[in-house]
Ligand code: HDD
């Protein structure tokens, strides 16, 4: 049996699961043993039956509650302890189960068993997260997203704890607490929540220029993913592959989503944060429940150990990426997420990742950020999960046997037999038991280290701007506009003008025009790169880049071809013209899109022919920001009502502003009149020269032309080059 997508409740796990046949099922089977189904009746934690769950034990009907009521005491006490400390960063997250399968053997590069055979499926659990917000913060804030994958391999757990951006803010882990303290809500008043738009963050950023490259990413649309299913993942650091022959390679990991890489608009993201703060986690959950199981391909950039100096930057510097045109990404396998967690706390909250959870054949590098992480994650789990036995929590258990002589500790579950808890020994099974180191070690010996202790940073880490410029140069015009707008927004929230000035002076080292555009709206002086260069700790150093533009860094350069799982709103009122609508609904469903009827009230609307169409949502409960595209069917009466309805007009205007595809059939075009579009040649499909606006004759629906145009326009995701979009007061 394999847990491949099952429609209608793919997420639910049957209570009598069949026996595991392959590795993928091993984790499911293991978790099954800990799963508790609801059963009739109540008991205490000691198994004592509870007959009354409504009244505490009192001395007489009006008397005080008795201390001896152990049922009350147990219930209230457990309740008071049911929270654990949230993660100090990446507190808000959601997770899902699935599997990973290589496309080919990687034996040439690594001995990692899970990468040896395309036949082998390895179970995974993935937790996505936002980095700055607390557990209850909104999903769509501007942020880097965590992308942590736990592979339950037959050689133990391997964790790839990455982000949706390929670089990080800082170069050395010793700066991590400073970075996070600056980013998190300010310590005096605990504001703002899940936002970098405040003085302390930009104060730090303006003084530590190594953050500049990462700022370009977070200020870009990458900071606002449309869906967790539509974002890339990166291991960030250079790791090492080690082959069975002992050959070593540097490797950078990439996750490439099958649905393409897409983003929200900033205005949209802010509105969604209020309308549906759970937008991203709901999207993931619903897609998996519907059997639309998200997939990513695993890619690797491999650099032979010893050839890393051919790169013009230091491969160990986590603020640098390897341009894909310099070292192509080899696609080596596929990950599918096909089952939602059964219990959020037990699985998603208690899962414990660690970038040092490695398997033989994969090693870390001397990246100083990674080195610090190796210490931090175990420490974080000890604080969060209450002791050294967190590996025994079901979601964290490996699927291969554990054997060592670690004993005791809080919440120990294993009942280790016998008198022996040491190695070597002869008393365990009567013969000598000794580990002789013959098997391949997880951490193979690397070059001998013979150096003086130093707190010095290598000069090869000094260039903080070349790749920020590379990122900027690689963006489309619309993407550049969004970056400028994001910097303006963030810095306009900064109260101290000196901080704004320092920041734009820094940006002048990325691109003078960018800095000037940001400065223009902030009421400060024009940017001065010399001022930045003169500051303490600021090095005005640039390496010679081999690549000046990199298409892979732009999302616009790689629009997807599919509209699978895209959400289309059909705005309707009584009197809607149903036949062309029905046909379009069929076509869109066949293309994998999700269509929902939106009206001013729930229930149903009547069609021109007097039939009823069931309404899915109201304009109030599901505004346009929750959709990818809008369809306005014809029908005189329906359109007259919609034109007189502010929330319907706003719905369409807002979709226009956010660059979404809008298709109007026949009279439906009148709803667009507010935007200055009219459908004078009513019998023609008019491709108004406004990208993504389709005004169509309903008769053309039957010949498939409208479907084709509509799908092609939605697949482009957004149409930013629209006239007067800023004039729309949405
Ligand atoms: Fe980290 C959580 C990713 C640098 C210390 N980190 C955490 C999570 C992700 C990342 C995805 C959430 C894991 C989960 O879902 O449970 N972190 C990164 C990446 C980094 C990075 C991609 C740089 C390339 N992190 C980093 C540094 C330190 C930490 C430099 C400390 C020196 N990170 C932690 C942590 C967390 C964590 C405090 C919070 C809770 C936890 O680990 O389990 O230990």
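Glycine residues also receive a Cβ, built from the backbone N, Cα and C atoms like all the rest.
A TrEMBL annotation is a machine prediction, not a hand-curated record.
Look at TrEMBL and you will find 87, 127, 176, 373, 377, 384 tagged as heme binding site. According to DSSP, residue 87 (heme binding site) sits in a coil region rather than a helix or strand. Contacts of residue 87 (heme binding site) defined by a Cβ separation under 8 A and a same-chain sequence distance of 6+ are given as 93, 129, 380, 384, in order along the sequence.
Among the features that TrEMBL reports, compositional bias 'Low complexity' is placed at 9-20.
Under the heading domain 'Catalase core', TrEMBL lists 43-431.
Here TrEMBL flags 1-29 as region 'Disordered'.
On the 0 to 100 pLDDT scale, the domain 'Catalase core' (43-431) averages 97 in this prediction. The full span of the recorded heme binding residues, 87, 127, 176, 373, 377, 384, taken as their largest Cα to Cα distance, is 21 Å. Sequence-distant contacts (6 or more apart, same chain, Cβ under 8 Å) of residue 176 (heme binding site) comprise 170, 369, 372, 376. The least crowded of the binding-site residues 127, 373, 384, judged by other CB atoms within 10 A of its own CB, is 384.
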